[in-house]
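Taken from TrEMBL, the feature compositional bias 'Low complexity' applies to 49-59. Summarising the annotation, TrEMBL assigns domain 'Cyclic nucleotide-binding' to 429-533. Residues or ranges marked as region 'Disordered' by TrEMBL: 36-73. Per TrEMBL, transmembrane segment is recorded for 112-134, 146-167.
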Amino acid sequence: KRVGSATSLSSAVINNRLQELVKLFKERTERVKEKLTDLDITSDDESPEASPAKLAPAAAPVPPPGGEPEGDKPVGDEHYCEMLCCTFKYQPWLDRVKNYQFPSSIDPLTNLMYVLWLFFVVVAWNWNCWLIPVRWAFPYQTPSNIYCWLLMDYLCDLVYLLDILVFQTRLQFVQGGDVITDKKAMRENYLRSQRFKMDMACLLPLDFFYFKVGVNPLLRFPRCLKYMAFFEFNNRLESVPSNAYRREGGREGGSMGVIRTTAYLLYSLHVNSCLYYWASDYEGLGSTTWVYDGEGNSYIRCYYWAVKTLITIGGLPDPKTLFEIVFQLLNYFTGVFAFSIMIGQMRDVVGAATAGQTYYRSCMDNTIKYMNFYKIPKTVQNRVKMWYEYTWHSQGMLDESELLVQLPDKMRMDLAISVNYNIVSKVALFQGCDRQMVFDMLKRLRSVVYLPNDYVCKKGEIGREMYIIQAGQVQVLGGPDGKTVLVTLKAGSVFGEISLLAAGGGNRRTANVIAHGFANLFILDKKDLNEILVHYPESQKLLCKKAKKMLKNNNKPKDEKGAPGDPLIIPPKADTPKLFRAALAITGRMGRKGPLAQLQQRLKELKAMQATQQADIPMMRSGAVKLLKTPAWLCTVQTPWFGVVDKGLLRLILPCLIPPKSPVHRRSPVISHKASTDLGKEIFSKSSDSLVTVRVIPMAQEDEEILAAEISEKEEEKKEE
């Protein structure tokens with residue numbers, strides 16, 4: 001008993017545990033299905049492997065029953081596991097930092113850590129580009145702060161060195177269509193690149209000349225050659241945020257383009273201000289009216305002069321010496337050239353940023369010209385304009401297919417799955433079909449925008465499309481006037497799916513469907529679906545079967561709930577209870593003895609008698625009709641069935657001899673004319689031998705009477721003999 005109880009207890013525990021695991025796996029499967037983008041890459045059976053460090057605590061010995069875990073701290077506080085049987089917990093951030101391992105290869109296109117590192121490299125590069133000219137021209141570098149300048153210089157050099165040794169040698173690259181992640185191959189690829197040569201040139205150790213000529217900032221000018229990191233950072237930064245920039249016709253635009261163009265302009269003015277101060281110092285501060293007079297903030301005043309010179313707004317003092325004239329001429333030429341470049345850059349930025357708006361405006365103008373040429377009514381023109389405005393502001397484009405046609409087939413599939421799969425997978429018609437067939441169907445969906453009160457489909461027209469509501473609402477109208485709102489369908493609903501597989505060119509719509517406000521719908525044509533089903537015969541059979549079933553359910557008439565049925569004249573006979581029938585069967589096996597055997601024999605006789613009476617009903621009716629045609633002075637007639645019967649009683653029996661039209665008799669709406677009888681007075685008649693008695697018993701209601709036939713015991717005894 002102990003062994004059996006222990007076994008049953010363990011089996012119960014195992015069953016409970018298995019049920020919990022099944023529930024957890026089902027939840028995990030649902031989450032994976034929602035995030036599913038590609039079956040070729042992602043599989044529902046795949047699960048992340050837990051690291052050995054996290055699995056180690058799970059293998060710890062279990063304390064004995066009733067015992068306490070070792071140590072004062074509970075085991076649950078030190079337990080970190082990714083298995084479904086354990087509680088999800090996360091290690092402290094300090095442990096994560098300690099256990100962090102630097103990646104052996106870095107993807108320069110998608111790795112955000114590399115973009116962050118490029119930010120520090122660009123900061124170091126900007127330090128050198130902006131402050132080397134300032135320290136060379138302006139008297140901001142003095143013996144008292146020289147060590148601070150040198151400290152910042154060498155920190156920037158350290159960033160350059162780490163970028164060369166750690167990051168650039170780990171960057172992945174593509175060769176022959178394959179992504180190369182081998183350490184040796186990545187290092188050799190960097191050493192052969194042009195960037196390595198520029199990085200080595202920017203770290204030329206010219207600082208050793210400090211011991212001979214002093215700390216001259218111009219010796220650090222090669223540090224500005226690391227410009228390739230600046231442009232790479234811009235490209236990576238533009239690809240991180242959404243709608244960061246747009247490229248059309250090879251021109252860059254967007255917010256990043258504006259910032260970069262503005263930075264170019266400010267840096268050119270910065271360099272010009274440094275050159276102006278150097279020229280003023282070369283000529284002598286305040287020596288002429290053209291040079292800087294040495295008053296106020298030197299950098300601000302020189303920057304102001306550089307702005308006036310490069311933009312050529314005039315109002316500058318005339319140069320006096322030959323050096324001043326040559327310098328001013330070079331400034332003017334450079335200013336005109338730089339200013340024209342900046343204007344062209346800004347024009348490209350604005351043009352690229354408004355290219356879509358320009359395309360939208362040109363399409364609308366051409367459409368308006370077309371409608372005016374053919375004298376389209378104003379109401380139609382206003383609705384066309386409304387469609388253009390809503391479609392452009394809601395989607396940012398007039399036709400989504402123009403965007404998708406530029407992408408390869410695989411990317412179009414990924415986009416279609418991300419946008420439409422969750423909606424289409426819930427359609428009952430497509431559940432159970434080949435998933436690849438559903439994916440192919442998603443690519444054929446096209447987006448259509450309907451204006452308020454636009455008819456999506458009308459009653460009576462042939463349905464050849466299925467509709468999926470992406471945004472907005474539609475109303476199904478019906479009723480006698482066709483304007484009663486039967487139901488309102490919201491985003492995610494599907495209608496018209498049965499018409500895709502209906503035979504005979506499509507079934508007719510049974511109701512009007514209009515857009516309630518602006519509605520964005522996805523449409524799947526019947527022609528596109530047929531082209532897809534050619535390659536999926538099993539799915540085609542399943543869809544046809546489902547469509548027939550759905551059509552049968554839709555065409556099946558529905559009775560009103562709670563509607564009173566027609567009253568039954570003869571209620572259906574109740575079936576013999578199963579237990580009673582079993583008892584009769586057992587009695588038959590034991591022999592023809594006992595009350596049950598007699599009762600069974602009696603039931604058989606009654607059934608035979610009922611069959612005989614049913615066969616004699618037509619003959620009895622014809623005979624009764626003939627007897628009623630006898631002379632009127634005869635009050636009674638002789639019948640072969642009941643003996644001498646009164647004519648009034650025979651008239652009452654005659655309607656009951658009508659053969660039934662169906663197994664269930666329902667009351668006729670026409671009231672039958674019967675002989676009037678007093679309420680509560682019973683009419684009966686006996687046969688000549690007094691063996692059969694027929695009774696007519698009136699009921700409380702006028703149209704209801706009970707007809708009963710009784711057989712005496714003598715007749716039963718004769719039959720038994």
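Including glycine, each Cβ sits where the backbone N, Cα and C put it.
Note that this is a predicted model, so its numbers are computed, not measured.
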For the domain 'Cyclic nucleotide-binding' (429-533), residues assigned helix / strand / coil by DSSP: 22 helix, 46 strand, 37 coil
Beyond the flanks of the transmembrane segment (112-134) by at least 6 residues, Cβ under 8 Å: 106, 140, 152-153, 155-156, 159-160, 163, 167, 171, 217-218, 220-221, 223-224, 226-227, 229-230, 232-233, 236-237, 240, 267, 270-271, 274, 299
Integer average pLDDT (0 to 100) for the domain 'Cyclic nucleotide-binding' (429-533): 83
